[in-house]
Amino acid sequence: MAQVHLTIFIFSSIFVISSSSFIPPPHPFDPLTETELKLVRNIINKSYPIGHNHKFTFQYVGLNEPEKSLVLSWHSSPDRNVKPPPRQAFVIARDKGMSREIVIDFSTRAIVSNKIHVGNGNPMLTIDEQQAATAVVQKYKPFCDSIIKRGLNLSEVVVTSSTMGWFGETKTKRFIRTIPFYLNGSVNTYLRPIEGMTIIVNLDQMKVTGFKDRFTGPMPKANGREYRISKLKPPFGPSLRSAVVFQPDGPGFKIDGHVVRWANWEFHMSFDVRAGLVISLASIFDMDMNRYRQVLYKGHLSEMFVPYMDPNDDWYFISYLDCGEFGCGQTAVSLEPYTDCPPNAAFMDGIFPGQDGTPTKISNVMCIFEKYAGDIMWRHTEAEVPGLKITEVRPDVSLVARMVTTVGNYDYIIEYEFKPSGSIKMGVGLTGVLEVKPVEYVHTSEIKEDDIYGTIVADNTVGVNHDHFVTFRLDLDIDGTENSFVRTELVTKRTPKSVNTPRKSYWTTKRNTAKTEADARVKLGLRAEELVVVNPTKKTKHGNEVGYRLLPGPASSPLLVQDDYPQIRAAFTNYNVWITPYNKSEVWASGLYADRSQGDDTLAVWSQRDREIENKDIVMWYTVGFHHVPCQEDFPTMPTMFGGFELRPTNFFEQNPVLKAKPFNLTTIPKCTTKNE
């Protein structure tokens, strides 16, 4: 009888936590509830009429960052019996063509701060105004005439929005470009672009202010672009066996509101319309000290820079700052149980206001689950003891918090993985659909140009070269807020002639503690060094400073020249690692106003002050980079490409923190079969 082994892991039932159901007093980092968002709208509506006939729109609404000292005082108090910090909302709105910043206090139910933004750049685009802009284009007569002139069916045309960037203009208006695509037998929208049109929409006036048609070559065909399993035809494959996920005692983690407790970890997870998934107040329990110790005060996506490498008119402006322009929370999607997240996952909803301030919910926008991947936590076989052979192995398990944000054609998987050993892994997965351009070629032998700026991935279709730079903001509090950044260089030494050895060389370490921000800017790969955030006021019993080490993934750095306009706006990618002193206003690496920004309010600009960072409350910024030269395997959808980094305890514990972890049982069961099978 043929048998299939199904691995039993964990599960009781899928359950969902709705952020609108929590009862005050909330955790200081809880996302704004539906009730609070309605209150924000009502309070603002008393001062600024809101509605279809008024030019007042909500571009961003989120929790106004409470004072860190108050949060830590509340968090460290026994049973959280200290009054939590004042709860406030931060609002960016458009008001008659201006960007207005408003702070609302919930205890007084009043506006406590109100000012007009006077610098460069615009706030995040809303979904509503992007949809309105594309609707305007689809009714614009010159556009419709161009579509008909091409012999295309207007009803099969889809128009998408694209930011315009900045290319040296002294003043910029709130314009976007729109890009048309043709369906006509395909639902893979982004693989059939209609090129040769420049269509500019003024968002404040909601009208087309620029249109030009330069009719260009053939359109990619619709065939070969299907990706829905229900529409694909046999043969199917490769064949994968099913797995059963079962946990009779329920999941190993507990969720109290937005606070997650699992194994030796405790942390808070929430949702922000710009950042998406936010992890706060992550602490790990130290068995030797019998208490929780701080690791991460707050960590989240800060920005994603995605420049494309075609300098021609249809492409040069595509240099997205995804979080700042489109909102990585606003574009987050509902996760599919059993596929986006395994059956042992718990889910949380996300709530944010629409353009008119009305709350909108994304169901199942975040998930959390225990991950059993067959990895080994630690092991050792001892065969040198006479008469004994000892083998000790511990299977590994970790806890993963995940979200997916779909920004146009790309789906980004963002996850934080907590390990019992004390490590936190931050991961970024890239999948979705290529952004392509039509060409007359179907084979490389036909190419006439010096550069097609990409790869032929299908008939008449080039996948355009591009980059992804994903920047995380990590406010590390390693066993407290007084931290330093240590760069330990691995230096090759010649063996002294005075040493009686055949060895000619060895390496040793040279420790450098960064004094100011300039000392802490790191381009990975230039030299062998270890990067550690330490607490110089806390030491192990052997005298080592407690710390957490950065373990980078494969590093990529920008290849654009530094005076290129997209790179000026994204100068925060010039280094893989930055360290800055904590400043609650320095949250977004591209600046608070990223759309059409000019690079004058970015992480790179803040860091030019070269502030002191030794033995201070410091923040680490880390950029995960990808250079993407498309290939045929990326068509019609892309297998996930994964990158990331790890924060790993280094002299944080007195010994291996999982030494005494007991093995857990994993088992398999045979497949039930009939006699005739």
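Positions of Cβ are set from backbone N, Cα and C atoms, glycine also.
Around TYR320 (substrate binding site), a 10 Å sphere centred on its CB holds 26 further CB atoms from the protein chains shown. Look at Swiss-Prot and you will find 320-331, 407-412 tagged as substrate binding site.
The disulfide bond annotation in Swiss-Prot covers CYS341-CYS367 and rests on similarity to another entry. Following the DSSP three-state reduction, the secondary structure of CYS367 (disulfide bond) is strand. Other Cβ atoms within 10 Å of the Cβ of CYS367 (disulfide bond) number 25 in total over all chains.
In the three-state DSSP classification, TYR410 (substrate binding site) falls within a strand. Marked as active site, schiff-base intermediate with substrate by Swiss-Prot on the basis of similarity to another entry: TYR410.
The feature 2',4',5'-topaquinone is assigned by Swiss-Prot to TYR410, with similarity to another entry given as support. All protein chains shown were included, and the count of other CB atoms within 10 Å of the CB of TYR410 (substrate binding site) stands at 22.
Sequence annotations record features per position, and here Swiss-Prot assigns Cu cation binding site to HIS466, HIS468, HIS628 based on similarity to another entry. Long-range neighbours of HIS468 (Cu cation binding site) (same chain, six or more residues apart, CB within less than 8 Å of its CB): MET304, PHE305, VAL306, TYR410, VAL428, LEU430, VAL624, GLY625, PHE626, HIS628.
The Mn(2+) binding site annotation in Swiss-Prot covers ASP477, ASP617, ILE618. ASP617 (Mn(2+) binding site) falls outside any helix or strand according to DSSP and counts as coil.
Using a 10 Å radius centred on the Cβ of CYS341 (disulfide bond) and all shown protein chains, the other Cβ atoms total 22. For the pair ASP617 (Mn(2+) binding site) and CYS341 (disulfide bond), the C-alpha distance works out to 35 angstrom.
TYR320 (substrate binding site) falls within a strand segment according to DSSP. In this structure the C-alpha atoms belonging to CYS341 (disulfide bond) and HIS466 (Cu cation binding site) are separated by 29 Å. Among the recorded positions CYS367, HIS466, ASP477, ILE618, the residue whose Cα lies closest in space to that of VAL407 (substrate binding site) is HIS466. ASP477 (Mn(2+) binding site) carries neither a helix nor a strand DSSP state and counts as coil.
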